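Record features, source Swiss-Prot:
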- S237: active site, nucleophile (ACT_SITE)
- D324: active site, charge relay system (ACT_SITE)
- H363: active site, charge relay system (ACT_SITE)
- N114: N-linked glycosylation site (CARBOHYD)
- 1-66: topological domain 'Cytoplasmic' (TOPO_DOM)
- 88-386: topological domain 'Extracellular' (TOPO_DOM)
- 67-87: transmembrane segment (TRANSMEM)
Amino acid sequence: MRKRAEPVPPEHESFGRAPLDRECSIKQKLRIPGTKGHYPHDSDCDSKGMKRFGRRYGLWSRLRMFLIFLLGLYIAIPFLVKICPAIQTQLVFLNLVRFPYFIDLKRPEDQGLNHTCNFYLQPEEDVSIGVWHTVPAVLWKDAQGKDLEWYEEVLSTSYPVILYLHGNAGTRGGDHRVQLYKVLSSMGYHVISFDYRGWGDSVGSPSESGMTYDALHVFDWIKARSGDNPVYIWGHSLGTGVATNLVRRLCERETPPDSLILESPFTNIREEAKSHPFSVIYRYFPGFDWFFLDPITASGIKFANDDNVKYISCPLLILHAEDDPVIPFHLGKKLYNIAAPARSLRDYKVQFVPFHKDLGYRHKYIYRSPELRQILRDFLGNTEQQ
């Protein structure tokens, strides 16, 4: 006959309080049917175990609910974008994302541009755009305390002009943009930059046609004051789409710029959106084009650089960093391969300049390149001796 396990004597009870999990395990092994409640700490074991189980179950329940919420959100977003194309339009323009947030665009000197004038133009009724005119650095002393009239008059002096068209998000006062203005100004260029309607302190609702018209208005304003001085157009990121739209229109009316510079360009907005890092989690989602790309096209947004370059008749320079995480390098290279053999560019120089990924210039830091000055001198001509 099996011997019944003896109860733990009270005087030895303290030795049984070693880790509770081990005690419970030993008791389970020694217990005989019918002895439930015989051990003094059985209720403690059951209580602790239930609490531990409850905590684990509660954690798993919350995690499961969170995962279900994420899955529901993941599935719902494509339908929201399809039903409300304005969401996708905002993702393209990002004009409401303004950074730096606390700068006064009326005071470019706060950004270190003490030879810059701020003013406003009105391309259309109910549309106003904020503009900065930065004169060549050699004129910075003369520019101190001068008014808009002086800045307009100095455009006719013997210095070339660059019209800069920025990308989405931010304003004309964005740091990487300001740093580029300084580089170009130090090389002897006037730099005209502005915020499209709906960006910064400019008034109006953004659209591709509206942005292009704003750029055309500023270009005509420059040409009316710059005399025979060269006028170049520089577009960056989304601004390359505005730039090719503008230059195509200028070429069609036979008033092309002296050169076009595209920094970090894409082929067209559909290919760019499909390659954008934001699209990674949906790129293989069934019906991706229908959900995400068709609403962009339906909103009248194309920015068809690949088509526009076939109708451009002026020298073309493309700059692109291999480590660009926003607009993949291969899109800039593809655009060059389309432009180089184009009939309209047959008599003009078309150049593609890559920047190695080890340099770390990514999407918006090509201005840091020590070679940029020489690249521009070789392509546009030297201005620093003037």
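Placed from the backbone N, Cα and C atoms, the Cβ positions cover glycine too.
The structure, with features from Swiss-Prot marked on it.
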| residue | record | Cβ contacts under 8 Å, 6 or more apart |
| --- | --- | --- |
| N114 | N-linked glycosylation site | W140, A143, Q144 |
| S237 | active site, nucleophile | H166, G167, N168, E263, S264, P265, V326, I327, H363, K364 |
| D324 | active site, charge relay system | S264, G332, R362, H363 |
Inset, instruction - Looking only at the topological domain 'Extracellular' (88-386), report the model's average pLDDT. - result: 95
Inset, instruction - Note down the number of other Cβ atoms within 10 Å of the Cβ of H363 (active site, charge relay system), including every protein chain shown. - result: 18
